[in-house]
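Chemist: Got a structure here, written out as structure tokens. Questions coming.
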Amino acid sequence: MLRLPAVLRQIRPVSRALAPHLTRAYAKDVKFGADARALMLQGVDLLADAVAVTMGPKGRTVIIEQSWGSPKVTKDGVTVAKAIDLKDKYKNIGAKLVQDVANNTNEEAGDGTTTATVLARAIAKEGFEKISKGANPVEIRRGVMLAVDAITAELKKLSKPVTTPEEIAQVATISANGDQEIGNIISDAMKKVGRKGVITVKDGKTLNDELEIIEGMKFDRGYISPYFINTAKGQKCEFQDAYVLISEKKISSVQSIVPALEIANSHRKPLVIIAEDVDGEALSTLVLNRLKVGLQVVAVKAPGFGDNRKNQLKDMAIATGGAVFGEEGLSLNVEDIQPHDFGKVGEVIVTKDDTMLLKGKGEKAQIEKRIQEIIEQLEVTTSEYEKEKLNERLAKLSDGVAVLKVGGTSDVEVNEKKDRVTDALNATRAAVEEGIVPGGGCALLRCIPALDALKPANEDQKIGIEIIKRTLKIPAMTIAKNAGVEGSLIVEKILQSSSEVGYDAMLGEFVNMVEKGIIDPTKVVRTALMDAAGVASLLSTAEAVVTEVPKEEKEPAMGGMGGMGGGMGGGMF
């Protein structure tokens, strides 16, 4: 038997041999000051150049290679930004920081990513230049943030609320790159499901864009057996004024469903059974009665899985005024069902793939309470998947769901259009939330005079304010440049005109922006500026950058290739 010190002596050489592999990470490369900033700025420039070409009504598209499938054609700033990954680590850090600006703006406002990117580049570039001449980066950042606060207040003054469907259509049209059809379809969707209703975007099956409104509760589970079909046309099962039995558990025995069938039959009501599954004797009995006696019944599997299924079934019960059998904590058995336990609906449509419960007879107060619970969950959850599911449930309980089906001749065209529709939808929601300001970069130009009233604490803060003053001209200049005209001349002319006048890049003329429908959501403009200023001014304060030195991969040895010599002779000339 070994004593402990002897065991330790044996372990020590092994630990020494392993130590380099356990403790040694990649080597690091460090750059300081102007060298580091210059390389990062090159990355910022590369990303901003690629994104800036998409800006404005005459902006161009960008083609992105994908690891699978055909290349993606897009005019969406954040999609372009996300696709960029540079080989040089220092340049990539600059690009990634501006990428974060685009992502943050997209998450918060849903649009304005291109504006945020060109603003971030302008602030970072000017900031680097002033710092290299000896200005204090921390004070410059304070000046920048001081200016941003003043502009945010000014934008609120310029903002006007969105009141009419026409204004909603105008906002959507501008964000969809001037596509009026998209603008109108989004306006219609908002009219039908309410301004806070759920609107989803999907691939269409035709050449044209379509709007489908789903009222009531629709879920993606159809009839368990085709023998339940009761219409000659359309392969579906339709009932009016039906009872709904909702069970969390599987239904297999005949005895468990006989009481429900007897009650439904005595009340002369069709019966919809929604359960985890209906099989065995229970299913064969239902099918036989349906075929021989003409029993009005249909069985459907419950949607979703796990907690999501439980929540959806509870939602259905509340919307229809029924109870959930087999629910944990409640000793409700299907055999003991009473008339008041059934959910009640005005209309039911069940197809092979989905079920729709319309005109549920649930209590308004209970439905409102359930909606409030879901809203509270939405406020605290951080998971994107959870948010999506909660929003779907919310829509089914409230005004229904509007589905925008995007049409086109090919997948590439549909995907490009889908990006624009999503942008337009997000911009419209932002406009409804915080109002609108003149578009085309004009709102930021109109905020320049507000900066003259600021009183900086020192010269370096004044430099920060001046940086923002010059940066506010960049979006309008970029839009003009993409339209093929001299940006600085256009900006000067706008500044000399009255406050409502701006440049219509599509027609190449100066117009009243709001009257012409060239408008931006206030939230989008505000978020773009705040995100750009925050990240770009931080970027300017960087004095050292640390990156990993890539490990050199050794070429694999060409072992096992011996024995090839001499055997290839004879006639090989």
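Including glycine, each Cβ sits where the backbone N, Cα and C put it.
When I checked Swiss-Prot for this same protein, it listed these features:
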TRANSIT   1-26  transit peptide
BINDING   LYS75, ASP111, GLY112, THR113, THR114, THR115, GLY440, ASP520  ATP binding site
MOD_RES   TYR227  phosphotyrosine
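Walk me through the surroundings of each of these features.
Modeler: In sequence order, THR54, GLY59, ARG60, THR61, VAL62, ASN177, GLU416, ASP419, ARG420 are the residues of the chain that are 6 or more apart from LYS75 (ATP binding site) and have a CB within less than 8 Å of its CB. In this structure, LYS75 (ATP binding site) belongs to neither helix nor strand by DSSP; it is coil.
Other Cβ atoms within 10 Å of the Cβ of TYR227 (phosphotyrosine), summed over all protein chains shown, number 15. TYR227 (phosphotyrosine) falls within a helical segment according to DSSP.
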Chemist: From the Cα of TYR227 (phosphotyrosine) across to the Cα of GLY112 (ATP binding site), what is the distance in angstrom?
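Modeler: With distance taken Cα to Cα, TYR227 (phosphotyrosine) is 53 Å from GLY112 (ATP binding site).
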Chemist: Near THR113 (ATP binding site), which residues of its chain come within a Cβ-Cβ distance under 8 Å, counting only those 6 or more away in sequence?
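Modeler: Looking at Cβ-Cβ distances below 8 Å from THR113 (ATP binding site), excluding near sequence neighbours, one finds VAL51, ASP76, GLY77, VAL78, ALA81, ALA102, THR105, ASN106, ALA528.
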Chemist: Among ASP111, THR115, ASP520, these being the binding-site residues, pick the one whose CA is nearest to that of TYR227 (phosphotyrosine).
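Modeler: That would be ASP111, the closest of ASP111, THR115, ASP520 to TYR227 (phosphotyrosine).
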Chemist: Would you mind pulling the DSSP three-state label for THR113 (ATP binding site)?
Modeler: helix
Chemist: So, three-state DSSP: helix, strand or coil for GLY440 (ATP binding site)?
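Modeler: Assignment for GLY440 (ATP binding site) reads coil.
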